[in-house]
Every structure is written in structure tokens, then in C-alpha cells.
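*Asks:* After the C-alpha cells below, expect a handful of questions from me.
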Amino acid sequence: MWRESALLVILLFRLQQICATKHFDHACAPSSCGKITNITHPFRLNGDPDHCGDNRYELTCENNVTVLSLYSGKYHVQAINYNNFTIRVVDPGVRQSNCSSIPRYFLSRSNFSDTYDYINMDKDAYQSGQRRVSDQPIYFNNRRWNVVRSNPVYEHVVFMNCNHSVSDNDGRPIWYQLLLYAKDTIYTAWIGLVETIKGQKEFDGDGNYKLGLIIGHYVLPSFLACKLLFGVISFFALLIYKWKRRHLSMYENIENYLEHANLMPIRYSYKEIKKMTGGFKDKLGEGGYGSVFKGKLSSRSYVAIKMLDKSKGIGQDFFNEVATIGKIYHQNIVKLVGFCVEGSKRALVYEFMSNGSLDKIIFSKDGNIHLSYDEIYNISIGIAQGIAYLHHGCEMKILHFDIKPHNILVDGKLTPKVSDFGLAKLYPVDKSIVTMTGVRGTIGYMAPELFYNNIGKISHKADVYSFGMLLMEMTNKRKNLNSHAEHSSQLYFPFWIYRYIGKEKDIDIEDVKEEEKEEVKKMIIVALWCIQLKPNDRPTMSEVVEMLEGDIENLKIPPKPTLYPDETMSSDLSFTDSSNSSM
């Protein structure tokens, strides 16, 4: 609940101002208005003698309410404390227990630009001699004085004890509860801290210095503020130190790995990489990993140079890429010619594939290359052989986890090569189940078990599923994505295939020659086996190669999965009606 907003102005009085001569005390009698009594210097009530109080702090009595006028604003006086030199006032525009009313007047730092003089006086004490010594007042002769310095008065604004939850433009809650020990919004004015500690001493009526007041009001808050500032600086310094240590540790790990690993690729300097690409002029493509540039070796052979961005270059992706294809060689696996590790710079140098990635060949309608289905069939066998080698032909099993047309490169002889091992995972040959901490892959090619644990464990069968989706797209020359699907389970599963295969209808596909129909049907049947819902129902990649290379009479048509809802087929749907929207 908002309480009344209050303005607290601390006015520091000099001893000379407080202990003025007694004849002034007699001339300026205290004034009163309503509940405020004993109004004396530096305040004055309207109508008091001109020499009484400070004109800047003149109070008026309106409807028996004491009012202080400051900078075109009027404030109701609640209390005046001459012991700690404070006055408590309330803006009349703020109604108690009402947060919707905003003060009509605001005091800024510029409102407290007045200066008070430090006065050095020679004071002579004397008595009148008209009474006994014990009864007579003491007078001070303060006629001789000079100003030694002037200091400005400053204000300090603190918002306290407003526990209401409000929301900003983003709808996030804001809690105004900066200091819990006070209950009002206050404005505090004080003379410069350093000058206060150096030159000012306050004392009570008994003549005892209030050093504790100075320490409590000025020294202790300043000490706490310095301590807080030091803590914040130390915290950020520690964060920067840990960040640098983490990255230095990554660099050291990479260097240690490259030093002890028996790698075939060549290590290049960043200067050599820059020279190969001619200053990174010929850009082949760009992706989430970074950019790919065309380069030329000193032997005049062309290469593709992948420059990894910083987030990928110092992480697991770079390790995976070098560790997996840095030690293997297969005609259907892209060859890693070299790499660059220099500071934060990371680059991978591959053999150049003149025809680019498979998606640009099979999905592009205006491309320069038009593949026959016989060529597509041979490419599918090459891809299957490459993946089978990763699963069963290396010292460690290698799961790619991102088989898709974009990651299949094709050379000038239409030889496919599996590439981009940034998401790959290695595990022992005798181990069939893979432990993963997160989902990896590309939507549309990811196996169901990566999302649903009750379907089956994650293994090399995840790559088999991805290959099946890839094979289906190669056969149809379009994306499997069905943008007209009513259910999410229909989005990627090509139910339309069963219209032709399940009912043994003749295959009617564009550009398919009579002698190619058997190869196309074989590819479709193998693809359907690969994309079975349960991993145990899918073949291994070695079996996939045998199925593609074998006779079609030996292939059985797999059952249509019952877990997926049936898709309503339109009467004019053809084999090529799958959506071609890209991912």
C-alpha cells in the first residue's frame, strides 16, 4: 500500500547560527499554526518580524494548516525537529492510501543549489552585571567574522516501502522496495560529505561533540557504498576471469588433441587460409555453422573452406568434425583436406564438390543438372554405402544424426559424399544404445525415438530413419513436408506412397522410363522399411545396401503404421502431390 509521499530536508546549522545572541531570541518569539508549534529560526511564519528566520523558508498558515512554499510548490508541514534539524512535509496532491494520485511538484537536484557559508568568528563572552552571575545569560559578540568557504546543498532521493506489484510495458512485475527500514519517500539534503567530516562538528546542549551522528549519517553509509561498489567490481572481474579461463581451456584442449591425434589432414595457418580463398572472395554458401568459401591449394586443386563462427568453432562441433572424418577415408565420405586452429579462428578444408549439395540438384527446377532416375538410384546406393561405413566400417561407430539432402555433396562424376559431421556422435562398436543429453537433427528427418522415449532407444537406427526420408524425397524429387496435413503426425509421413505400392498400382511418375520403374519401386519399398515407427522394425544400413542392390522380388512391402491416423486422400491426388515447401 502506498503511504503518503514525504519530503525530508536536512538543514545543517552552524553553531554560530544556532547560538545567536539572546537579544534576538527575545525579539523573535516562537510562532504557532495548528499542530505545529515553536516555529523558530531558520523558519518563520508569515507576519513575523522581518529579521526573524530565513525568508527562503517562510511558512504560511492556511485553514489552520502550516504550509511550506518551495519552488512553486506547496507542502503541508507535518513536523519540525530542531534536534536533528529535519522538517517533514507532505505534498497535498497525494491522497493517503491512493497510488493513482501523482505529486504535482517534483524537486530535482537543481532545486538544492543554494550555498551555506562556513563562518569563522571571534566570539567574546560577557555578562551584563545586572543579576547574580549564576542567573545571568551569556552573550556573544559576533561582530567580527569572515567567510572561509562555501559549500552547496545537495539532495538525495530514496524510494522506500512501496510493496505494490506494478507492471512495465512488457508485463513484467516491478517491486519498489529498495530500503526496508523506512516507510516514506524522502528527499534528503546535506552539505558535501568530505567537507562535513573535515570541517564540521555538531554538539548537543551539554557541549559534547556528536561524532557518532557524523559517523552514522555520513561515514558508515559511505563505507557501505564503497564496499558495495568494490563487491560489484570484484564480481564482474571474476566473471571476466572465468570466461577467459574457459576459452583458454578450450583452446588448450584443442591444441592437446591435435598434438596427440594421428590425423591425416594438414594443419594450415589462418594466413594460408586467407591466401587460398583470395581474401574470402568466392562465397559458396552460408548456414548456421558459418560460411563456405571456394579456395585453391598450391597444387591448383580446388577446395571448399568452411569458416566456423565463434559459437561453433570453439565448441563440440569442431571436435566432432575433425575427430570423425579426420581419420577415415571412404569414397562416399567427404574428405577433410585440412583445418585451421589459430586463436579464435576455426576453419575446415574439404575437397571441392563441383555439383554442390544434393538438394540443389533434386529440388531445383531451373538447375543446370537434370538427373535421370537411374542416376538418382545410383546416388542412393552410394549414400547408403557411406552411412553403412560410418556405422560398421570404423574403429568406433559414428552416428551422423543429420542426414539430409543439404549434407550430401555430389562431385563432377555424380558420386555422393556424406558431409557435415557437426552433430555426429561416436560410441563403441559393441554398444548398441546411445546416451544423449539433447535432441539433435533437422525437423522432417529426425527419428521419432529422439522425441518419444516409449518408441525405442536411440541407436544407429536413427540414421536409418533419416536416410529413409531422404530416399523418399529423392524418389519424388520434392520435400516430404505436407503443408495441407490436418494432424502433426501426417506432416512428414508419406502416406500417399501406399496408394501405389500397397495396391500394386503401376507407378506413374514424371520422367520415369519403363526400365527405371523397377529401380524407383525398389527405392520406395526400401524407404518405407527405413521409416518404420519402431527402431527394431527398421533394417540396418548394411541391410539397406543389400536391399537396394538386390532383386525386387526379394522385397516385401512393409505394413502401414497403425499409430498414425489415416490421411484422407483427394480424388485428384497424384504421386507428385507432396508439398515442396522448404524447411
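One is the number of the first residue shown, and numbering goes on along the chain from there.
Using N, Cα and C of the backbone, Cβ positions are placed for all residues, glycine too.
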*Asks:* Match it up for me: which of 34-58, 559-583 does TrEMBL list as region 'Disordered'?
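*Replies:* Based on what TrEMBL states, region 'Disordered' spans 559-583.
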*Asks:* Let me know the model's mean pLDDT on the domain 'Protein kinase' (278-563).
*Replies:* 82
*Asks:* Would you count the other CB atoms within 10 A of the CB of Lys306 (ATP binding site), including those on all shown protein chains?
*Replies:* 24
